[in-house]
Amino acid sequence: MDLISALEGLVPELEKGLDQASSLEGLEALRVDFLGRKGRIAQIMSRLPSLAPEQRPAVGQTANSVKERCNALFESRKGALKAGREAEALKRFDPSVPGRAPWSGTLHPTTLVMEEICGVFQGLGFDVASGPEVELDYYNFEALNMPPEHPARDMQDTLYITDKVLMRTHTSPVQARTMLHRKPPLAVVVPGKVYRRDSDLTHTPMFHQIEGLMVGQGINMAHLRGTLTAFVRAIFGSDTRVRFRPSFFPFTEPSAEVDMSCCMCGGQGHIDGSPCRVCKTTGWVEILGCGMVDPAVFEAVGYDADVSGFAFGMGVERVTMLKYGIGDLRMFFENDVRFLGQFAR
């Protein structure tokens, strides 16, 4: 059999193979067998040099014609197989099945809790104030009874930009700015980001605080206790117990730490006989710091000596962790949608 006959004989063989091909994968294997670099057409054409020169053009033309016919047969069969696959898929499609709702974003849990806290205090008559995150040393320290070389400055690792400019270490500078521009009576809460040179498993260089201030005539510790007790019970439940412990802050006197009954174990110190990992068996967890505003702070902002007031501050991430039982602070900063999606409203 000469080469032209061999080439022509491949077409009916291919047609038979195509009729038996039932998948795109099988079709591709057949294409490689006939048209591949080492396929059957290539094997026949490898014998072309053995022919006389005058016979080669006819064989070459036949080879090109056979390749074109084979490609046309492949494309036709490929289209038929794809159409069959799509038709089969449509048979399984049920238009009555509800569609999948697109994933919707949500506010970060820190933002949700910050808004909730501000909402509680707004209900108690407080305004919401804000101020710069890049702050002057005067407002961050000196106006809050912490002059240069004051030992209380060692309590905070500060990120300085220049000798007199820094990243605020708390939101209390906004309280000083507010008092310089407003006369009592006043009541404000100040949410925002703060920065400290601290980074480990339980601390981050940037976190969120909410600090509050109330100033007026006759403001005393009873007002402070009533306000913060109402706040804690609004966030954690009406049966939450609250206690105040003596403490020290340079801009309040007297000062106190506020503890609440553990929200994990209900203040029992244990859960089903096992020690509570949140309160470490004490039944109490620290929630915020507070105190009566030091007269030196009022003097720095030009207030009369007959006014009094209280201030308080808390870390929003800590409140969020206690409220939702989150055990790892790093989860707030990893942007894992599996975590964030749990707080969708």
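Yeah, the Cβs are placed from backbone N, Cα and C, and that goes for glycine too.
The Mg(2+) binding site annotation in Swiss-Prot covers GLU253 and is backed by sequence analysis. DSSP assigns GLU253 (Mg(2+) binding site) to a strand. Listed in sequence order, the residues of the same chain lying 6 or more apart from GLU253 (Mg(2+) binding site) and placing their CB within less than 8 Å of its CB are GLY291, MET292, ASP294, PRO295.
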